[in-house]
Each structure stands twice: as structure tokens, then as C-alpha cells.
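Chemist: If you scroll down you'll find the structure; I have some questions about it.
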Amino acid sequence: MYPADSEAHLLTNTQGDMSDEKTKTPAAEDLMFEDGVRRIDIIFAYEANAELDPQRQKYLDNLKVLGLEFEQAKMHGKDYGSFEGQEQKENETHFIKVHAPFDLLCDTAEDMKIKMPVKENDINIPAWYENYSVINTIKNLDPFIIREPKTVDEKLFFVATFDKDRLKEFVGHENQDTFFSPAERSRIVYFLMEKTKFGDQDLDVGILKMQHEGIITDVYPLHDGPTKEIDGSEPTNDRQRLQEDWARPGRIFKYQPVPAIKEYFGEKIALYFSWLGFYTAFLIPAAIVGVICFIYGVGTAVNYTPIKELCAEDTNNNGTGAYKFVMCPLCDKLCSYYLLSKEGCLYSKVTHFFDNEATLFFAIFMSLWATIFLEFWKRKQVSLAYEWHTMDFEEDEERPRPEYLAAVTRLKENPVTGKMEPYMPLGQKCKRLTGAFGIVIFFVVLVLAAVVSVVIFRAAFYAFLLKSDNAMIRQRAKLVVSGVAACVNLIAINLLKFIYQRIAVMITNWENPRTRTDYEDSFTVKMFWFQFANTYASIFYVAFFKSEFFTGSVGRYKRFTASNFRFDGCSVQGCFMELTLQLIIIMVGQQIIGNIMEIVIPFLKTKYRDYKGKKQHLYESSEEPRWVTDYEGEMQTKFSLFWQYLEIVLQYGFVTMFVAAFPLAPLFALINNMVEIRLDASNFIHNFRRPVAERAEDIGAWYSILATLTTFSTIVNGFVLAFTSELIPKLVYRYYASTTGSLEGFTEWSLSKFPIAEIGANGRPDNPQLNIPDFNATANKYCLYPGYHESKAPYKRDLDYWVITSARLAFILAFQALVITITWVIGYLVPDVPKTLELRIKRENFIAAEMEKNHKERTGKRKPRPDDDRNDVTLSGEITNRGHADSSLSPDHTHTTYI
């Protein structure tokens, strides 16, 4: 986005009408040097220190040689006028304004190979739906569009790599003050600062190392004014426009002004919000289908045959004490026999809400949804990279981290720069990587230990509830224990998250990657797997490890330790409802905690910094200068966006991996994300310092992680449907065991008998009449338990079990094959790069090549071509507004963005 009047937005109204320079507001003056002419591109903040002042002064002198201009900010009404620290109090924060002249910006832009607009996009290929007036009418009625936006829509331009000698060929060259946007200016200045020496050693270079050594505290561009308008007037700066169109809660149901976000914060942050908005928009159809499936389950529960059989009153047979469905105890001694109709009816109804015939359809739908989401995001990502001119952009050779330089002593010639630089021998690097991997595995296993602790807690708490004199508490003990255990897991997840964060930092610091990018990648992998295990371990336990295969069955329980401890198993209806409850509490609980933290933590940090600033007397007047106000905001760290991505990626795991057990997951994710976007936007606008704009072509390693989760989710959902759900046993009964082709008799068929007389001393209940007052062990020779076993010793699994197991394995293979096939077809039919975008790219490359040829001919560097071979590429008309158009390829259309 290259609006020619973007800089003018700072001082003008929304129509772009230039106001008189004499009427500048105090907020606008805070963005300028004292002369009112030179713009502040970056603020240099430091704490006065007699020992470090010489290095800081040398650094500033070197920047002066490059051409940067400085001005000491006034403190306490005094103008120091220099940077040597005289009269400056020790450890007191001071600020230096930095300005880059236009010639320096041009020279550096050449070095950075920045692309600038040369010609308005003249390709107008309407989208297929534009040929239908009805669809256009519906599009125009879209309720999510901001009808009177404060941010400015933009047009699309062809671009070329900037060349100072060809300045007049670029759009907007007439106005040097607005040719480079504020975000571009700050990025260029930061580039210069990162390349400048501050000490005598060859490696004493750059901002990051100066921060590491305490020479400076931060370097940041200024927000372009306050967030609130004066007396309800129209917004007077881009920050207020973003607040009005993006950050305020009233815009929760509106599309985000992504191009304006990019112009203000840079491509990297805008790409995060674009991805989050795109994902949120995709959740809408998933949420709708999930709600329909849930409603179907609720509506069919009452008349569902297995539920009617299970809930039918089980009466005493002529006073003999014999009942049809007497269930075996669920635990040792404290548990007693119980009637299935009394304690399993409500549980079975609620389970059917989530586990019903629609579950299979929804699982397949979500597997395809995830594939389509990734395919279309890939296309959207490429389109954004083109519109923002970041396709295949070249980063300058990245410097080693200061911590790396301090720890490594060996030197080796850099093949790119030809300079001697520290390096770590391959053997030492392998040892550190191996050690780091081992530590990661150890702490992932430690997560499993936490899960086992919760399992032991469940057993103890379950025993406690069973001692209650209240029959209702005893009947609902299983459900209560599941809910409380899930809450304990939620607390443990959030506590371990902070512990694992520190561990991941410590391991990565010990591993000591060479560059900042290597460090971030290494930290991302470790932290993601820590959080993956931490978040999902308890859910995987409930889904797959509470089954009979791992816990055993009546008379054959698998016991541990000398005390014969055994893990508790699932209820008669299986573990599906318990899995759903676990998902609800952990997923929704995480979202609530996360949103509260995003509101409370930044607010408290801002208030503390405000208090600290006032205590240090950084200013005397009632109005803080802009650089002081911004300095009190929270500093953006190298992990700021990481936590934002991680939170949503883990949510994506809930939405895709276990959606078969919780069809409402997309709905809760949708609601959370709509709030999340506005909370994040509010933090960036109100509570954070404005970061230096960073470029990005894509979302980096997160796409690979999303793709991995998507593939893994297909496997997990297949196993949930096959082994955790009752889907396969019911299908086998209907088409294999039932004589009527219905589910009549399924409840009795799915239960096995065990002789009461053969229950061992460890498992025999202390009070057999606890739940059934007239229970008679003589009249009831057998108790029932879920599973498919023979009724005689040694109670081996019967033929029905092996038929069901075969059907389950066959279902998994068929499910995977179906999803993989459809996924492959979708990937084949949906190209990564839209055809219309390919045409744009070819046209842009052609124009850039022709303009370069024409320039060489005009300067005599190339012989003129014959008129027949010559393409006169010039600007069609005088273009003064540099921006972008939307994906319709028409420069007359407004830019379409997403929530």
C-alpha cells in the first residue's frame, strides 16, 4: 500500500483535504523536530550512565556520518542540545529524536531493494460472480462491511525495485515528504541503525547488541497522535482511524481494515490479523454445521431406541429382588451395585447430544473444511504477498545474536561478507541439539506424570463422593469427578505453561542459535511441543487410555503397586461424554483465561509504567510528550506475535482434532476469535509501543504446524469415531447381530455378565444394598458391565468383540482413504496461485523490464530499439494517490478485507 497522501493523514481530515500548516495540533507537533519541518522517524531511548555514555556517543556520531539527524528531547523544560550526558542524572530515561533526510532514505531504499509503485494496475478481469447482478446485489448488502469507514480504501499499483536514478518514474516522487510512508521510513532508519558500529570491536554492531549491553533501552517509532478525538470531532490521525474502524468493540461484526493495519504496523503484524480474520471467517460455516448436528442430537435423544431401553424403569420382579440391568460396581469396596436406569439414563441422553448419527458426517465435513481452509489461505497469502510487494523479498544477511557473539570464541570467514565471524563447531552444535532434544523429551514425559497425578486425584475424589449419604451425589459422582478433574487439568495446564516457557527459554539459550531467526524457530518448535503435550495429554488419556484395553474389566482389572490400585474406567456409555466435558472445560476455560489476561495484564503494566514515569519526573507539564506517552506502553518483544499465534493454533487443534466429540467447538472458537481480534487490536492501538514495521511474505513455520495438525486431526477423528464413540458397535449390531435391522435390544447386547459370587475380595462392595435397598445376591446371580465377553471363566472376549474390532479398523482405513482422496482432489483443483494473479505478476514484470530498458536508452547505456520493438511504458496521467485495489483486479473497486 503506497498512498501518496498517507503522511498527510496525520494532519488532515478523512477526505484528505490539506489543512493549513499553521493549524497543527499539539499532537502533530509531537511528531516533528522543534523546527516543525523535519519528521521524527524513530525515538532513541536510553538511561544516562557515565560508563556507557562514550559508546552511545560514538554510535550517534557514526550515525551522523551516515546522514541521520538528531535532536535531544526536552526534559524538565531543559534543552540539553547534545548527547554527551552533561547534567543528566544517573539512570534517568532520556530520549533522542531521529530524522532521515530524503536523499539518505533513497540511498538506503536502493540498498534494501524496496519495491515502489510505478504505474496504476490496468488489468481489469472481473471475478466470475460479477457477471451475475443478483450476487453483486447480495455482496453490496453484506452486513459486515463498514459503510462509512474512516480508513482510506486503496488502489493497486504495479511496482519495481527502487532506483534513485529513476526517481521520476515512481508514483508520488513530486512530494519528498510523503514518498516514503511513515512505516517505511522507520524501517529504513532501523536498517541503518542495525548496521552501525558503537564500539572498538568489529562485532560491536547494531541495536540488539546495544540493548543487550544496556547502552540503550529501546528504539521505536511514534504513534501518530492520541487515540481519542477532541470533543467528538472526526479522527485526525491514522491511529484514531484504526481505533474507529478496527479496535473499538462496536466493530466486532465488521471486516478488518487490513491494508490500513499494514500501512501503520507493517506487513508482519498485518499478516497475523489477516490470517486470524480469514480463519475466523472460515469458522462461520463450521459453526453453523456443528450447531445443526448438535440440535439433531438433542431432538432425537428422547425417541432414540437405545436410550428408551436404558431409561425404562427396572422394577423388582415380584418382590424377589431380581432386576434386569444390575450393574457391577465401578470401583473397589466403596462402590456398590446399581441399576442402569437410575444412574445411566441422564448420562446416555447427554451423550447422545454429541454422539449420534450426524457425528460421522460432521467429522468428515471438518476434515474437508480444514483442507479447504489451508488451501484457500495459501492462495490468500500469495495474493497479500503480491499486493504488499513482499513476494520473494530478500532479507539482508542476518547478524549473529549478541548472546551468540559473547559465548562463542572461534572465528570463521563468512562466505557472504568475507569477514571473520564467531562460529560454533558442528560437533559442539550437535551435542547441544541432542541435549536440548533430550531435555524436551524429559519434560514432555513430565506432562504425562501430571496426567497420572490427576488420575490418582480422580480416584480419591470419586471415593470421597461415594461415601456421601446423599443418593443424588453418589449417582452423579462420575460426572462430578470428570468436571472437577477437567478443572484441575485446566489449572495445571496454565501453571505448567509458565514453567515450560522458562524451560524453553533456558534450553534455547543453552543451545545458543546463531541468529535471531534461528533462535525464534528453535524456541517455537520447543514451546509448541511443550504446549501440545501440556494441553492435549489429558484429553488423549480420556479418549484412548481409559478403555478396557488399558484398565481391564470386572474380575480382570489391571492393578498397580502393592495396594492393588487400579485406574478407573469409563461408564456404561463409554468415555465419549467424559471426553466432551473435558474438551468443553479446557477449551472454553483456556479462552476465558486468555482473554482476561489480555485485558488485565496490559492494563496493569501500562498503569505501572505510567506511575514509574511520573515518579521519575520525566516531564513537568500536564501534557506528556508523545515519545514519553509511547515509552510508557508495553514494548514489543521477539515473542509478542508468537504467543498470539500459539494461542490460536492450539485452538485450531481443538477445532479439528477432537471435533467429533465436541461439534460446538467451532462455535466457541468463532465467538472467542471475534473478541480476540478486538482485544488484540485494542492492545496494539492503546497499550503497546508502535513496533518498527517488519516485512513478511507468509506466516512462516506456523503454516507447516497447521498442516501437520490438519493431517493429524484426520487420524485422531477416525480413532475417536472408531474406538471412543458407539458409532461402530451400533452399526455392527444393526447390520450383523439384530434380527430386525434396528437397534432394539442393543443395550442388552452391548453388556456382558459376570457372576457376583466370583467378585474378589478387593472388588466386593462393603454395602451391596447401598444403591438398591432390596438387592438380593441370591436372586441376582450376575451383574452386568460394558464390553463383549463370555459369561464363563476365563471371561475371554467373545466373537462379537472381534467382529466389532475388525469393523473399527476397517472404518479407520476407509475414513482415512476417503478424506485423503477428497483432500488430494481439492488440492489438485485449487491452484496455489490464482490465475488472475499470475497475469498480474507477468504484467508487472513486463512493465518493470520495459521501464528499465527505456531508462537505459534515455541515459545512453543502451542503443535505442527500432520503433516496432519499442513499448513506451509511461504513467497514464498524473497519479498522486499510491495504494491498492481489491482482488477483483479493477482499480475502481474498493479493497475487500476480512474480519
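Cβ from N, Cα, C; glycine included.
Just lifted these from TrEMBL, have a look:
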| type | residues | note |
| --- | --- | --- |
| DOMAIN | 32-258 | domain 'Anoctamin dimerisation' |
| DOMAIN | 261-844 | domain 'Anoctamin transmembrane' |
| REGION | 1-25 | region 'Disordered' |
| REGION | 852-899 | region 'Disordered' |
| TRANSMEM | 269-298 | transmembrane segment |
| TRANSMEM | 358-377 | transmembrane segment |
| TRANSMEM | 433-459 | transmembrane segment |
| TRANSMEM | 479-500 | transmembrane segment |
| TRANSMEM | 523-544 | transmembrane segment |
| TRANSMEM | 581-604 | transmembrane segment |
| TRANSMEM | 648-671 | transmembrane segment |
| TRANSMEM | 701-724 | transmembrane segment |
| TRANSMEM | 809-830 | transmembrane segment |
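Map these features onto the structure and tell me what's around them.
Modeler: Confidence across the domain 'Anoctamin dimerisation' (32-258), taken as the mean pLDDT and rounded to a whole number, stands at 82.
Same-chain neighbours of the transmembrane segment (269-298): 255-256, 258-259, 261-262, 352-359, 361-362, 365-366, 369, 372-373, 376-377, 380-381, 384, 388, 641, 644-645, 648, 652, 655, 659, 663-667, 669-670, 673-674, 676-677, 680-681, 684, 691, 694, 696, 698-699, 897-899, counting only residues six or more beyond its ends whose CB sits under 8 Å from a CB of the stretch.
Beyond the transmembrane segment (648-671), the same-chain residues lying 6 or more positions past its ends with a Cβ under 8 Å from any Cβ of the stretch are 276, 279-280, 283-284, 286-287, 289-291, 293-294, 354-355, 358-359, 362-363, 366-367, 370, 528, 531-532, 535-536, 539, 543, 576, 579-580, 583-584, 586-588, 590-591, 702, 705-706, 709-710, 712-713, 716-717, 720-721, 724-725.
Remote same-chain residues near the transmembrane segment (809-830) are listed as 363-364, 367-368, 371-372, 375-376, 379, 714-715, 717-719, 721-722, 728 (criterion: CB distance under 8 Å, separation of at least six residues from the stretch ends).
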Chemist: Against which stretches of its own chain does the transmembrane segment (581-604) lie, if we need a Cβ under 8 Å and a gap of at least six residues from its ends?
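Modeler: 479, 482-483, 485-487, 489-490, 493-494, 535, 538-539, 542, 634, 647, 650-651, 654, 658, 661-662, 664-665, 668-669, 672, 675-676, 679-680, 683, 687-688.
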Chemist: For the transmembrane segment (358-377), which stretch among 433-459, 479-500, 523-544, 701-724 has the most Cβ pairs under 8 A?
Modeler: 701-724
